[in-house]
Amino acid sequence: MKVYGLTGGIGSGKTTVRQLFEDEGVPTLDADQIAREVVAKNQPGLAEIERTFGSDYLTNGELNRAKLRELIFNDASAKQALEAILHPLIRQRTEQLIQQLKKQHPPAIVVEIPLLTETGKPNYVDEVIVLDLAPETQLKRAITRDQLPAEDIQKIIQQQATRAERLAVADIILNTEQPLETLRKDIQSLLHTHQNT
């Protein structure tokens with residue numbers, strides 16, 4: 001049973017592909033959701049953020065995400081400090097969840113890790129699945145979904161790994177510009193092939 005790391009840039013279809021894997025009986029984990037959990041109220045991650053950045057980044061004992069996002073968007077050293085807090089906590093929690101899921105003997109496990117290319121392949125990932133699409137399609141999808149101006153989406157894209165960098169770490173590439181049913185068949189084929197290896 002393999003653990004796949006699923007990654008792709010903003011607007012690449014990560015949520016859709018995760019759902020397609022779930023439709024095939026494959027449990028999935030979301031690193032972003034785990035990141036939210038490790039900084040929830042009364043969690044050690046939140047206390048560490050308060051120690052590092054100050055209580056101005058908390059509102060009623062909870063993380064003020066908008067304020068922290070603004071800081072790290074404009075300050076590379078603050079972003080690095082936040083990642084130094086979050087990444088070990090996210091990795092530890094993800095490993096715990098994977099071990100729990102393995103006891104159920106699923107066909108595979110998929111962990112959505114948006115920043116996998118930037119942060120490196122974690123030890124618990126056997127193979128990396130990269131979602132690929134043309135940059136113009138990516139931009140259109142992200143603008144439509146997030147209802148943000150093109151300039152804001154472009155800024156996010158520029159902070160992420162490039163398409164070439166993502167493709168360089170890929171063990172498997174899924175083209176998310178194709179019709180949903182074709183993508184579903186690609187996932188079924190991938191699972192069938194890898195179950196027999």
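Backbone N, Cα and C atoms are what each Cβ position is placed from, and that goes for glycine too.
These features come from Swiss-Prot:
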DOMAIN    3-197  domain 'DPCK'
BINDING   Gly11, Ser12, Gly13, Lys14, Thr15, Thr16  ATP binding site
When each of the binding-site residues Ser12, Thr15 is scored by other CB atoms within 10 A, the minimum falls on Thr15
Smallest number of other CB atoms within 10 Å: among the binding-site residues Gly11, Thr16, that is Thr16
Cβ proximity for Lys14 (ATP binding site), under 8 A, sequence spacing 6+, ordered by residue number, returns Leu6, Thr7, Gly8, Glu112, Pro114, Leu131
Around the Cβ of Gly13 (ATP binding site), other Cβ atoms within 10 Å, all chains included, total 23
